[in-house]
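Features as listed in TrEMBL:
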COMPBIAS  1-21  compositional bias 'Polar residues'
DOMAIN    89-270  domain 'ABC transmembrane type-1'
REGION    1-35  region 'Disordered'
TRANSMEM  47-66  transmembrane segment
TRANSMEM  93-114  transmembrane segment
TRANSMEM  121-149  transmembrane segment
TRANSMEM  155-176  transmembrane segment
TRANSMEM  220-239  transmembrane segment
TRANSMEM  251-270  transmembrane segment
Amino acid sequence: MSKVTDQQDLSTARSLQPEQSHNTHRAPRRGLSSKMRNLQMTKEDKLLVFGTPILILVVFGAWFIWRTTTTLTDVEMRQLAWSVVGRRTLEHLRIVVISAIIVLAVGLPLGIVLTRQRMKFLVPIVTGIGNAGQSAPVIGVIVLLAMWLGFGTPVAILSLSLYAFLPVLANTIAGLQGVDKDLIESARGMGMTPWQILWRIEIPLASSVILNGVRTALVLLVGVGAFATFIDAGGLGALIQSGIVLFRYRVLVSGAILVALLALFVDWIGRIVEIAVTPKGIS
């Protein structure tokens with residue numbers, strides 16, 4: 001009996017040796033630059049990843065030089081003072097960041113829940129409501145909610161969150177539904193729990209599609225965030241509004257340039273994160 005036990009222990013130890021050796025000699029972690037090289041990117045992707053920061057620096061540099069060398073009127077000087085531009089930018093970023101957190105905190109879990117077997121019948125209903133909501137003009141959504149709930153930053157955040165909710169939800173559902181069913185069945189046959197299948201197979205394989213939706217939502221938030229100024233929520237849209245009301249087109253164009261540059265920067269950051277997080281071989 002003892003010999004049988006010893007043989008079983010020996011075979012168990014031998015079976016564990018490759019795993020222990022694998023854990024001991026771990027492959028070196030790949031940095032962001034390595035992942036970017038290994039990822040199969042099209043020419044368009046490479047142009048956007050490496051060309052966007054150059055474009056941002058060139059345009060912002062040109063605007064900065066114009067701002068510091070051009071003689072402005074008193075009204076333009078007050079609107080384009082560095083302290084005012086900095087404050088408006090921080091207001092814009094605060095609205096975008098808080099709205100993005102709300103969108104991600106609601107959209108990602110809801111998308112996961114709706115792809116579970118018992119909840120799939122709700123997908124057409126929820127996406128239909130989301131499509132109907134996003135088809136409405138954003139300024140109309142903001143103004144209607146402001147008339148109902150009042151003016152200010154909280155209402156602007158709520159409006160933007162509702163408007164940017166659909167891309168995250170739709171891409172989460174599409175990404176998870178696009179995972180090969182044979183892989184899921186194989187994982188079940190190996191004894192993996194539904195939770196393990198979700199985190200180890202479904203989410204990694206759907207990460208590219210999900211992150212694309214997140215990036216779209218972030219860019220959308222930056223763009224439509226300019227409308228927050230119409231309900232006294234501040235942001236870079238205040239420069240655009242002031243330029244329109246005061247007929248100061250240099251102020252208007254400056255506000256539009258800053259919003260566009262911020263949207264490009266957020267889109268670029270989103271692409272970098274997508275490259276860093278997406279598993280190798282998935283595009």
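Along the chain as shown, the residues are counted starting at 1.
Glycine is no exception: its Cβ is also placed from the backbone N, Cα and C atoms.
Long-range Cβ contacts of the transmembrane segment (251-270) within its own chain (Cβ-Cβ under 8 Å, at least 6 residues beyond either end) map to 48-49, 52-53, 55-56, 59-60, 63, 67, 75-76, 79-80, 85, 89, 92-93, 96, 211, 214-215, 218-219, 222-223, 225-226, 236-240, 242-244. Residues 79-80, 85, 87-89, 91-92, 95-96, 99-100, 103, 138-139, 142-143, 146, 151-153, 155-157, 159-160, 163-164, 167, 251-252, 254-255, 258-259, 262-263, 266 of the same chain sit 6 or more residues outside the transmembrane segment (220-239) yet have a Cβ under 8 Å from a Cβ within it.
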